[in-house]
Amino acid sequence: MTSFRRWFLAALAASAVKAEAVQKSDLQLPLSAVVYQAEVKDIFVTSYEAYQKYAWGYDDLLPVSETYYDGRNGWGASIADAMSTMWIMGLTDWFEQAVNHTANTDFTVSHTPDTVSLFETTIRYVGGFLSAYELSGEKYPVLVEKAQDLADQMAYAWNGNQSIPYGYVDFTNDQPTMDTTNIAEAGTLTLEWNLLSQYTGNSTYKTLAEKSVQHMIQMSTPLPGMPAQGINPKTGDAVGGYVTWGGGSDSYFEYLIKYARLTNTDDNSYADAWLTAVDTSMKKLLRFSTVGNWLYLADYDDKKKIRHVGSHLACFYGGNWILGGKLTNNETLVSLGLQLTDACWNTYASTTTGIGPEVFAYMSSDGNYTGGTAPSQEQLDFYHKHGFYITASDYYLRPEVLESNFYAWRVTGDPKYYNNAVSATISFKKYLPANVGYAGIYDVNQVDSDKIDDMQSFWFAEALKYLYLTFDDPSHISLDEYVFNTECHPFKAPPAKSSYGSGSGPHPASWQPFSPERAPLPAVSPKPAFLL
């Protein structure tokens, strides 16, 4: 399996026409970078030592109550998610320990009564294991074997000849939970399952993942190239007509351009679908706030109304547009991506802790409708000062603002993005330490906020990795050599093509009347019980 992957990359390299680099070629780090990189590594080490002491082998550390929580089937999600970051940080002893844990864990059965999330298990466990396998020089084939164990069980999410998988599978009887899902859950598999096919020689994984995305590319949509958030796997039809770059849709759009880049596929439908979604977003969803002129992507609801809302989850879009703009040789998209990133950073810069909130809202020239209650006087006052207002004040250790800031730094070298990362590091060190490890906070606008008693595994995989790499040598895990999955696990990519997509503009599927089903939607990016 190793030789096949090497052959595959070599063949792509031989046929590729080199594109313009994504990263700025002469990017220089300030001398202080070594100091802040060490600070981020210290946060990681402190967090992981607490996990080892109080929660080893379980999914999450509860850093306030000093115990553990199993929200990802009890396989040790924090271990799987931390592995690629450990390797990048040079923590090889811990990496070996993590490999040993993985080798001795049975992934064919859930260690809790829960069903298994196709999406979360793919991005955290399968993606984490395959990235760790690549980064460590393919030294540990057991990582591929365990990823395959998981995918073999999760393949039951596809029922019969359905193109769209169900979101959850019961590993005790290999039956999916037959319920509606969303396009993010069904469309965020291609990177991981394609790699698994390459490393195992079994094309089934790639075929299943591609089948799902191809169905969504071709389905009828509320807006050109932008599927509705909800989808019924049984019928393959949309559920509702809500369109967003936020939770429930986010990584479907993210993976369209990333899959084209990772595989250098000759099938332009992935990149063209991304370009179509971006083109539609520019025409229908882009808005500027009336205060501060901050650029954001609004939502579009079932009543065909614009909702002037934003979220930490959606803030990945700045980095995605920056990357996609470079890959498609479109500097307009790069510029828009940078403006989107700046607006998301403003949600950090505007709070008393210097950390951004979970959900927020804007006002634009066409109104301030959010689908919720009207803003209070306190929110209006905040808006008139900062150009947005907070609607959910918690910070749940999310990475997306740091993610886009990382792309902005690597692509432009503008010192403000470096300084943003410095600011975030200082704020994390000051406001997030808990009884043990680090924790999110309930109110980013209160310096003495209570802590959220959960240290999610993506703290190790994403937030700290994006910060660490911002302060790292730009040639290390270069954006011209790696593609990150949505959990920030880097995958080795072949040399880039000269451009991605057919080059002939947006390509929406042939027009079909949009007539969605009406059914309850699943929870989007659920929070743990302590936040509900």
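Glycine too: its Cβ is placed from the backbone N, Cα and C atoms.
Owing to the predicted nature of the structure, the values given are computational and were not obtained by experimental measurement.
Copied from TrEMBL, the annotated features are:
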{"type": "SIGNAL", "residues": "1-19", "note": "signal peptide"}
{"type": "ACT_SITE", "residues": "ASP250", "note": "active site"}
{"type": "DISULFID", "residues": "CYS315-CYS344", "note": "disulfide bond"}
{"type": "ACT_SITE", "residues": "GLU400", "note": "active site"}
{"type": "BINDING", "residues": "THR486", "note": "Ca(2+) binding site"}
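By a simple count of nearby Cβ atoms, those within 10 Å, the most crowded of the active-site residues ASP250, GLU400 is ASP250. Cα separation, GLU400 (active site) to CYS315 (disulfide bond), rounded: 5 Å. In this structure, the C-alpha atom of CYS315 (disulfide bond) lies 9 angstrom from that of ASP250 (active site). Cα of CYS344 (disulfide bond) to Cα of THR486 (Ca(2+) binding site): a distance of 18 Å. Neighbour density for CYS344 (disulfide bond): within 10 A of its CB lie 30 other CB atoms from the protein chains shown.
Of all the recorded positions listed (CYS315, THR486), THR486 has the fewest other CB atoms within 10 A of its CB.
Separation of the C-alpha atoms of the residue listed as 'Ca(2+) binding site' and ASP250 (active site): 9 Å, rounded to the nearest whole number.
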